[in-house]
Amino acid sequence: MKTDEIRKKYISFFEKKGHSVFPSDSLVPKDDPTLLFTGAGMNQFKDMFLGKGTLDAKKATTCQKCIRTGDIENVGRTPMHHTFFEMLGNFSFGDYFKTEAIEMAWEFMLYEMKLPKERLSVSVFLDDEESYEIWQNRIGIPEERIYRFGEKENFWPASAPSEGPNGPCGPCSEIFYDRGDGVGCGRKECAPDCDCERFVEVWNLVFTQFDRREGGALSPLPNKNVDTGMGLERMASVIQGVSTNFEIDIFKPIIQNISEITEVKYDSQAEKGKLMNRIADHVRAVIFCISDGVLPGNEGRGYVQRRLLRRAVRDGLKLGKEECFLYKLVPAIADVMFEQYPEIKQRRENIARIIKNEEERFHETLFMGNKRLDELMEDLRDSGEKNLSGQDAFQLYDTFGFPFEMTKSILEENNLSVDEDGFEKKMQMQRERAKVSSQMTGSIFDEGPLSTLKETTKESIFLGYEQSEVEGRVIGLIINEQLVDSAKAGQNVHVVLDQTPFYAEAGGQIGDTGVIRTKSANVEITDTKKSNDIIVHIGKVVEGCIRQDENVSSVVDTERRGAIKRNHSATHMLHSILRRVLGQHAEQSGSFVSPERLRFDFHHFEGVKKDEIARIEELMNERVMENATVTTDQMALDQARKAGATALFGEKYGTNVRVVSIGDYSQELCGGIHVKNTGEIGIFKIISETSIAAGIRRIEAATGHEAIAWTRRKEQMLDSLCGLLDTQENMVVQRAEDLIRQLKELRKDVQKAKKDGMQKKSSDFISKAKDISGVKVVAEVVKGADADDLRKTVDSLKKSLGSVAIILGAVGNGRVTLIVSLSSDLVKKGLHAGNIAGDIAKIVGGGGGGRPDMAQAGGQLPDKIYEAIDLGLKILQKEIDYDS
Ligand code: SER
């Protein structure tokens, strides 16, 4: 049975049992900035378990994309570990409980997967008699194949009672497939909790019935729930009878591809085979991250992704592949994942280019790091040391991105070593710093006043699509993260209403501003945000006192909202036009819509050319003038997809979506606010086009009043320019060109005059040169010269006068420059220009020195320049006389 078939069978089995099918959540959890990646099927349903969810379903089933990095060291080495994997799940929110969950799981295993029951063992939590009894009596599993384990194995999250996290949790029961005593440790007493590979844990049935509170108390949840998770790849390996997940049908072509590219034969047990496993896993994870909108970077999710990719590059190097190749695996991975994730194939070119860029960067990094390491090894040898300091190894890692493992092995090859403890200490310090600066706590569950509010309120209703003024009621006031009864003038407050016209920031559209009024109070709202379906108005009480449960009237700043609407609709239009002008790859990777500007980030691998910009603007304004109608419809996600509506990279959509259509050229899934007709946009103007990351460009543009204001500013600039250049608008360019030409000519003339002047001076100096015991001596102050002029004069003097000693000085910007130069015969006699320069510089309050034949010095006392030159002359006289 193919993996695709297992996935399909699972979903349709539970659909037949009355479960609603939900799409996978994005790998980037929606509304949960604390969580790095979605790691389990239950994440998207956590509110349902807490009894605060708004989904219209009591039973659900999903195939969830997951990333877990906790076991990363095992990935590739063991048969079953992954970073990215798919988790099949069925969920009950207060509907069925243990009996049905266990019965359905058993039915699925025996009759859908057709697994022999004697190969299956199960485990239950220590004192979960109920589950034990169901397995033993209802299902009929013999006692010797029912195991009881503690909270580490049979509670979810693992060890939650004693260690947390707080939130929904419960005992679990796991189902294992026994691959037979010929596999694994071979011990007679081997059991599912053994680390060996005999028992494969394929399904975890969690009975989510508790809410863990601070301190470890387990209080019962309003409902008894079920959350199950089956690892799809594991199940496939069991069904397909292969010994590792990397040999199942959806991994085989990837591994084969790696083997062809690297020209290394695959053997799943060999060291190189394990590297190939890891490459396959990591590249698959990276592809899914990119597809869900995460780009490689230095923080959070982007950093995890970068590390995965870098590790795969290093594994590739160990397989002898020195050039970029990971990006070449994209088509094979897109093909095997096509059935469930057609979007990967659609976007394979963009994804491959992002990976290639990142690979290239890392190769560059490795090159620089290698160079630096060579220098460090040279230093070690010079100083007779053998051990590289932890600090240097850390710098290589931190600044150059050079992997520690590589530093170590290169040093070893050169009979050197590294202070591993020192390195680890530095790493620890960095981890501590990162912990402090990162908000990603890794906890799955929100805490705080909004959570409390959520227990009594399901959601605040948004009425802003149709209205900009709404009567409502205060259902929550928060000051400094605490729920309060009232807020008075001067206080910053977060207000939650039962219904509101204020749009909370989402989908790139900035939050609304405006005012909330009660009988006595005025609250100025400066921003609106959303957290788990609760709309939070952020503002300050400017007058009176606002109280819990009071009636309010809330009014949006419609002028600002109008500007936002224009920019938002223009963003959709721009998306469709960019793809038309630049190509289908020019997909949105991010956007931000404020009243002043729209910012649109998209995939494109070079700068947008001037003529393309002009074409984009032209098409945009044509479409504005067409005055097409903008409509919105609610529909099922599938229907929207079939109709060809654009869904964005990495966005997560519910089963019911809102589709915004503009004319016949744009259909996007979007919850934002739009104009009614494109004509309202007025005018569209691109303000800038820049690069923001490898392969991602950004266009900033303005519409309506802002676009007009921008054009006016340009006009004013032109006006001032005309004023400055004293000419008319139509002549301004020519006038500027003329001026530039004149300036160039003048500059040339000045340079020539200067050169002529210098030449004249040189010949004056030659005729005035003193003769000291047969040596020509020039000691002069050159007016108006700089250091460069002095050097040039010295050169020409030296050419004309064979045996010569020269001292020249000049003053510029309040500083003295002195140059001393001696012909080589004088140097041979022991005279030293550097020493002379040093001595005379003291007179002008400075210092200097240099080579025996040529030296420069400086000082801050221009008045003393003649005195300095005189001293130089005296020194020369003495030394030449002494010598002869
Ligand atoms: N949440 C449980 C797990 O991740 C079951 O889905 O194992």
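Cβ coordinates come from backbone N, Cα and C, glycine included.
The following features are taken from TrEMBL:
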type	residues	note
BINDING	H568, H572, C670, H674	Zn(2+) binding site
COILED	729-756	coiled coil
DOMAIN	1-713	domain 'Alanyl-transfer RNA synthetases family profile'
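Overlay of TrEMBL annotations on the structure.
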| residue | record | Cβ within 10 Å |
| --- | --- | --- |
| H568 | Zn(2+) binding site | 26 |
| H572 | Zn(2+) binding site | 25 |
| C670 | Zn(2+) binding site | 26 |
| H674 | Zn(2+) binding site | 24 |
With the Zn(2+) site defined by H568, H572, C670, H674, which remaining residues of that chain have Cβ atoms positioned within 8 Å of the Cβ centroid?
Q509, S569, T571, V630, V660, I662, E668, G672, I673
Under a three-state reading of DSSP, tell me whether H568 (Zn(2+) binding site) is helix, strand or coil.
helix
